[in-house]
Each structure stands twice: as structure tokens, then as C-alpha cells.
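Feature annotations, courtesy of TrEMBL:
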ACT_SITE  D60  active site, for OMPdecase activity
ACT_SITE  K62  active site, for OMPdecase activity
ACT_SITE  K62  active site, proton donor
ACT_SITE  D65  active site, for OMPdecase activity
BINDING   D11, K33, 60-69, T119, R180, Q189, 209-210  substrate binding site
DOMAIN    5-225  domain 'Orotidine 5'-phosphate decarboxylase'
Amino acid sequence: MDNRRVIVALDFPSADEALACAARLDPRLCRVKVGKELFVATGPALIGKLQERGFEVFLDLKFHDIPNTVAGACKAAAALGVWMVNVHASGGEAMMRAARDAVASVTKPPLLIAVTILTSLDDDSLRQVGFADGVRGRVEGLSRLARECGLDGVVCSAQEAPWVRASAGTTFTLVTPGIRLEGDAKADQARVVTPPEALRLGADYLVIGRSVTRSEDPVATLEAIHRSLEEESRRK
Ligand SMILES: O=c1ccn([C@@H]2O[C@H](COP(=O)(O)O)[C@@H](O)[C@H]2O)c(=O)[nH]1
């Protein structure tokens, strides 16, 4: 089993808080994710600091703009040496193809992943913004498009992983946020699953934020998650 299936979301307002959390984590046991809050607060220098500490970084800025703009942003992200970067699949075919060509400009391109439908949305909230076909149809459609555009995988909830996997095959990377431990509050997430469930359903990577970073003992929580994943993969 890949020991670094868990990607810890460093959703903090400052570099000091993010680095303090990272200092407690073992880069052999997880990767880290830098999202909008932390990146806007600290800038790209933080990426280098995390890499110096041995972490592979998922830069989760979910680019969504015209193709030329997204290509420029992806090129700049790739130049930071990040492990993974993402765009919104709903930016469309030309945008995703431009992103793919842009990341290929560096010697060691990051994995390029497309966000399908945010895990904070459910069928009702999709209907409110005019999409009547529900989560499943949209995740499947956007995943298909992302694959046709040559992206490496998608972000979806593990709830949709079996359907995406069935059509996309084993080499397409499924990155799944919306992970909650038994008894955790869903908070703003709508489509949640537990870590072993996510693995069982076919996720490759589990993005976990507050369940780890806001727990009383993040190290012990991460270790417990690891044990549960190891148990699950032995069962597989
Ligand atoms: O559909 C998506 C895409 C990205 N995220 C990000 O993952 C983490 C989840 O944090 P939790 O604290 O575990 O809820 C967060 O950084 C989101 O920006 C997502 O949740 N859903």
C-alpha cells in the first residue's frame, strides 16, 4: 500500500500555523495540500519550505478561467515543483487541454487533476445552480471529459469513485476530499465517507483537513487513519 495516500489539507491562515502543523507530521506517511487560504496568505515561498521538510505538495488552487490564463497559472505552479495541481473540469475542454500542455513545459510535470463537483454540493444544491441531472451524472460526464483531455485524474467524492473507476480504468487518479472519521461533524461537506470506506470504494488519495488538523492529537489521529487503511487494504 502507498503509505502516502493521505493528503493533509493545511487550511491555516498563516505560514507559522501551517509549518507548526507540518512539523508534527511525517512526510513518509502523508503528503500535504496547500489551498487558497494558505496560498493567498503566504505566497509561493511556503511551498519551498514544505518541500525542504520533505513533503510532496498538492497545490489546490482549482484554476477556472479562460484557457490562456489557466495555462499561465498552471505553468507557474508546475515551476514550483509541486506534486499535484488542479483545475475545474467545468472550465471546459480547451481550458483543460491548455492546462495539460502548460504543465508539460517542466522536466518533471505535476499530476494534473480536474475538480468535478465540489464535495460540499449535493443534488439539491446543484439543482439550485441550474444543473438538474444531479451529482452522479455530472461527475461522470466531467470525469469523461477530463480523461479525453489527457488529465491524470479527478477530484470527486469517494461516493462516486466506483462509477468513475468503472469507466476510467485503474490508471486514472481519484483524489477524494469529504473524508470524515466516525462521529465527526460533516460541517460544510455534503458527500462524506470514512477513510476505510474511501479506500474500499476505489479512491487513490484521501484529502483530509479538519479531522486531522483540528483534532486534539493530529499525529495520533493520522496514525489511527493509517492503521484503518492498512486493515482495509489487507481485506481487499
Ligand atoms: O470538492 C472538493 C475539493 C476540494 N476540497 C478541499 O479539501 C479540503 C477538505 O477539508 P476538510 O477539513 O477535510 O473538510 C479543503 O481544503 C477543501 O478546500 C474539498 O473539500 N472538496
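Each residue, glycine too, has its Cβ placed from N, Cα and C.
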Cβ neighbour count within 10 Å of D11 (substrate binding site): 19
Which of D60, D65 has the fewest nearby Cβ atoms, counting only those within 10 Å, among these active-site residues? D65
Using DSSP and three states only, what is D65 (active site, for OMPdecase activity)? coil
Mind running the binding-site residues L61, H64, T119, G209 against ligand 1 and keeping the ones whose CB falls under 6 Å of it? T119, G209
How many other Cβ atoms are found within 10 Å of the Cβ atom of K62 (active site, for OMPdecase activity), counting all protein chains shown? 17
Using a Cβ cut-off under 8 Å and a sequence separation of 6 or more, which residues in the same chain sit near T119 (substrate binding site)? C156, S157, T176, P177, G178, Q189, A190, R191, V192
If one measures from the C-alpha of P67 (substrate binding site) to the C-alpha of D60 (active site, for OMPdecase activity), what distance in angstrom results, rounded to a whole number? 18
Do any residues at least six apart in sequence from L61 (substrate binding site), in the same chain, have a Cβ closer than 8 Å to its Cβ, and if so which, in order? G35, K36, F39, A73, A77, V85, N86
Between G209 (substrate binding site) and D60 (active site, for OMPdecase activity), what C-alpha distance do you get in Å? 13
The rounded CA-CA distance in Å from K62 (active site, for OMPdecase activity) to D11 (substrate binding site) is 15
Indicate whether D60 (active site, for OMPdecase activity) is helix, strand or coil by DSSP. strand
Taking only the residues in the domain 'Orotidine 5'-phosphate decarboxylase' (5-225), give me the average pLDDT of this model. 98
